[in-house]
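As recorded in TrEMBL, the features of this protein are as follows:
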type	residues	note
ACT_SITE	ASP234	active site, proton acceptor
BINDING	GLY115, ARG178, GLY179, GLY203, ASP204, GLY205, THR206	ATP binding site
BINDING	ASP204	Mg(2+) binding site
DOMAIN	107-415	domain 'Phosphofructokinase'
SITE	GLY205	site 'Important for substrate specificity'
Amino acid sequence: MAAVTQPAEPANLTVDQNPALFSLSSVKLKPLPHLTDTAPDLRSQPNPLDKNPFFHPSEGFYVSPGDVILRQIVYDLSGTFPPHSPHLLYHRAGPRGHVFFDPLAVRAAIVTCGGLCPGLNTVIRELVDGLWELYGVRQIFGVTAGYRGFYSTGPVELSPKVVHNWHKRGGTALETSRGGFDLDKIVNAIQNRGFNQVYIIGGDGTMRGAVKIFNEIRRRKLNIAVTGIPKTVDNDVGIIDRSFGFQTAVEMAQQAISAAHVEAESAVNGIGLVKLMGRSTGHIALHATLSSRDVDCCLIPEMEFYLEGKGGLFEFLEQRLKENGHAVLVVAEGAGQEMIPRTDVQKEERDESGNPVFLDVGGWLKLELKNWWAREHPGELFTVKYIDPTYMVRAVPANATDNSYCTLLAHSAIHGVMAGYTGFVSGPINGNYAYIQLEEVAQAKNEVNTKDHKWAWIRSVTNQPDFVRR
């Protein structure tokens, strides 16, 4: 792709003095797998939307191969912090003028895997509605019980009538499970049942499984398109702006923080302790703290902290209790795990997805707080109210913002699959929907950067210590 440059300017000006000197001299368009990579004789046909009696594409409606999304959009023109090179570009999501599937021959499978998240049912509903209403697909099936459902149970037929009210319900109507990933059994079942489109909804572990399914399907040279729709209430999937359900989770977390604040404020030397979801990232805790303004300290996995001594958590909380008579503490479930005593058996314990089993940081903190107060202030009143809203947060229906987002994700996935793309994820990059390789998303992480402005806002709101020993 040619360099993007501006006309030459006087040599005595620098980039920061004249932004017109800025140029993109090195760009790289990320490749996107296509069914024709393994089946070059596959023929396309005009998009059925052209003949849809209720939907008439307007001029410029179809996305062209030249429509791309720039991953990095913030640059330092002074050159102090040079940008990464090359600049990464992704194919823009949306309908194409030609498709590589005959809608009457499509057999689509939809599966949800892993834990619950607000919006799961909305994504399923919009996949069914989009395939049925936009493209005229009539063979749509739901796979129950996660990955194991491909080979252990029969699929469920889906239609707009069946899924009509699903977006109003929490959880997943298709049921879900962790584990059960047997690659050969899954791909054999996909092949034997005649599925040629597979929509996989799940978190980072599910996406890693989807990569294996995609690679095995390519190895067998099957004309089957695979796409992933990343689901994680923690918002820990990288590259895309955010995961669906995250905004609903932050909204629900407010109720728990408000309750903890009331409990703490209503007690003598009261502390409200709230544990929020976030195994490896603290996005929910961070955004809930910023939104609440009632939080005195926010602890996340990306930040180490300590309890005793100068600058520690106990010293800070004691000062807050002297000033206000109460305090509210928010902690992500993955924070402080290395500080909690555990047996050798507990150190080796794994869940069905292969993740380390975390101990309850909230329960541990509550006990440590009580022991500290009894040791330092014997006989004085002190109360810790511990609230764990985990299942309340993840089991609710999506709010209006997430419902709208789920629709766009589902329809973007459908348009990409019908256009013959495979092994991809659809999601927003800088507010624009793009197609990203499955493997790239499966490997990327979205961690809280404690050196950026957002974490600085947390510090300014809570005035909490930086927990750096000096």
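Placed from the backbone N, Cα and C atoms, the Cβ positions cover glycine too.
Where the annotation comes from TrEMBL, it is an automatic prediction and has not been curated.
Of the listed recorded positions, namely ASP204, ASP234, the sparsest Cβ surroundings within 10 Å are found at ASP204. Site extent for ATP: the farthest pair of Cα atoms among GLY115, ARG178, GLY179, GLY203, ASP204, GLY205, THR206 sits 13 Å apart.
Just so you know, of the binding-site residues GLY115, GLY179, GLY203, GLY205, the Cβ with the fewest other Cβ atoms around it within 10 Å is the one at GLY179. Across the domain 'Phosphofructokinase' (107-415), the model assigns an average pLDDT of 95. If you take the Cα of THR206 (ATP binding site) and the Cα of ASP234 (active site, proton acceptor), they are about 14 angstrom apart, rounded to a whole number. Taking each of the binding-site residues ARG178, THR206 in turn and counting other Cβ atoms within 10 Å of its Cβ gives the largest count for THR206. With respect to their backbone Cα atoms, GLY179 (ATP binding site) and ASP234 (active site, proton acceptor) stand 19 Å from each other.
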